[in-house]
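Visitor: Next up is a structure, given as structure tokens.
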Protein chains: 2
Amino acid sequence: MSPVLRVMGVDPGLTRCGVGVVDVARDRSARIVHVGVVRSAADLPASERLHIIAEGLREVVREFGPAAIAVERVFAQQNLSTVMGTAQASGVALLIAAENGIPAATHTPSEVKAAITGYGSAEKLQVQTMVARVLRLDALPQPADAADALALALCHAWRGGPQPARGGEADEMTPAQRAWRNAERSTRR
Amino acid sequence: MSPVLRVMGVDPGLTRCGVGVVDVARDRSARIVHVGVVRSAADLPASERLHIIAEGLREVVREFGPAAIAVERVFAQQNLSTVMGTAQASGVALLIAAENGIPAATHTPSEVKAAITGYGSAEKLQVQTMVARVLRLDALPQPADAADALALALCHAWRGGPQPARGGEADEMTPAQRAWRNAERSTRR
């Protein structure tokens with residue numbers, strides 16, 4: 001059997017934080033391991049909301065033991081009313097990766113779209129449709145945050161992801177990821 | 001002796017995260033308990049940097065046991081190249097408060113300036129000078145992040161801070177904080 005990379009994707013947010021875990025084989029085939037959303041109520045203090053998100057993410061890490069965590073990269077230009085909470089949640093997701101010794105990477109929305117559909121300006125529905133097809137799901141994953149988390153995890157495995165310069169897990173991932181990345185480059189550029 | 005509120009202030013950042021702890025009495029007099037800066041190297045992965053910041057903040061919480069944590073509120077309009085890292089660090093600081101059952105609040109830079117100097121558009125140097133005077137320091141606290149953290153902690157104690165609707169620590173704080181807030185309102189408005 002070919003080596004399998006288990007990746008956890010996180011679409012950060014305070015109200016809904018999407019989480020998806022996929023197993024991706026060297027031949028780029030993938031299966032879904034887990035998908036869900038961690039929610040926190042808007043009337044709680046920010047610190048409590050971040051604590052709820054952190055505990056939800058830690059539970060997924062403990063239960064499924066991902067070898068890598070991919071978090072959507074947040075930009076200052078996004079929706080001003082929510083971007084700070086989104087950035088705070090992404091910080092918590094990255095912290096949890098480091099606390100568990102799991103390499104983490106961030107990917108932009110257009111990197112995810114390009115990795116999943118072949119071009120960076122794809123519509124959300126096209127991304128979701130492709131995610132459902134790749135993972136052989138009967139329906140589009142819902143809500144959108146959960147679908148985005150799965151797309152992020154697939155993107156990370158397929159792109160190889162930025163390699164943190166560390167031993168251990170990173171070394172184990174490198175051969176498969178490098179192979180996938182090279183295959184990507186030869187077909188897409 | 002009048003009741004004393006121990007407040008930890010955090011000026012969030014990845015490269016330098018300022019931390020200050022002060023004891024503030026009901027008569028608004030204050031003394032410095034701790035001041036420092038947690039640093040992380042810019043060439044480390046973001047997740048490692050956040051982990052270093054988190055461990056540094058946890059150490060201060062463990063050693064000095066603050067009853068409240070005040071974090072500078074980050075705005076999307078700030079310096080675009082660093083604002084996302086700053087927001088992520090603020091999320092980590094708020095998470096650590098909740099993990100330790102400590103009420104947390106955020107204050108804007110102009111709230112801090114107004115609480116310390118009497119007006120919201122004060123220069124940084126005026127704030128630092130007033131912080132040094134209030135805490136009877138021989139010199140201005142350095143670097144600026146450390147001074148800002150002390151100012152935040154003083155601001156939180158003097159303003160009373162937004163009260164999270166919770167039992168325990170919040171209840172203990174309320175009488176003194178309410179008295180200070182009322183005194184503030186009667187003199188400033």
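Here, residue 1 is simply the first one shown, and the rest follow in order.
Cβ atoms here come from the backbone N, Cα and C positions, even for glycine.
What TrEMBL lists as active site is B:Asp11, B:Glu72, B:Asp145. Among the features that TrEMBL reports, Mg(2+) 1 binding site is placed at B:Asp11, B:Asp145. What TrEMBL lists as Mg(2+) 2 binding site is B:Glu72. The feature region 'Disordered' is assigned by TrEMBL to B:162-189.
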Visitor: Have a look at the recorded positions (B:Asp11, B:Glu72, B:Asp145) and report the one with the fewest Cβ neighbours inside 10 Å.
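Guide: Lowest Cβ count within 10 Å among the recorded positions (B:Asp11, B:Glu72, B:Asp145) is B:Asp145.
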Visitor: For B:Glu72 (active site) and B:Asp145 (Mg(2+) 1 binding site), what Cα-Cα distance in Å is obtained after rounding to a whole number?
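Guide: About 11 Å separate the Cα atoms of these two residues.
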Visitor: Return one of helix, strand or coil for B:Glu72 (active site), based on DSSP.
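Guide: In the DSSP reduction, B:Glu72 (active site) maps to strand.
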Visitor: Reported as an integer number of Å, what is the Cα distance between B:Asp11 (active site) and B:Asp145 (Mg(2+) 1 binding site)?
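Guide: Approximately 6 Å lies between the Cα of B:Asp11 (active site) and that of B:Asp145 (Mg(2+) 1 binding site).
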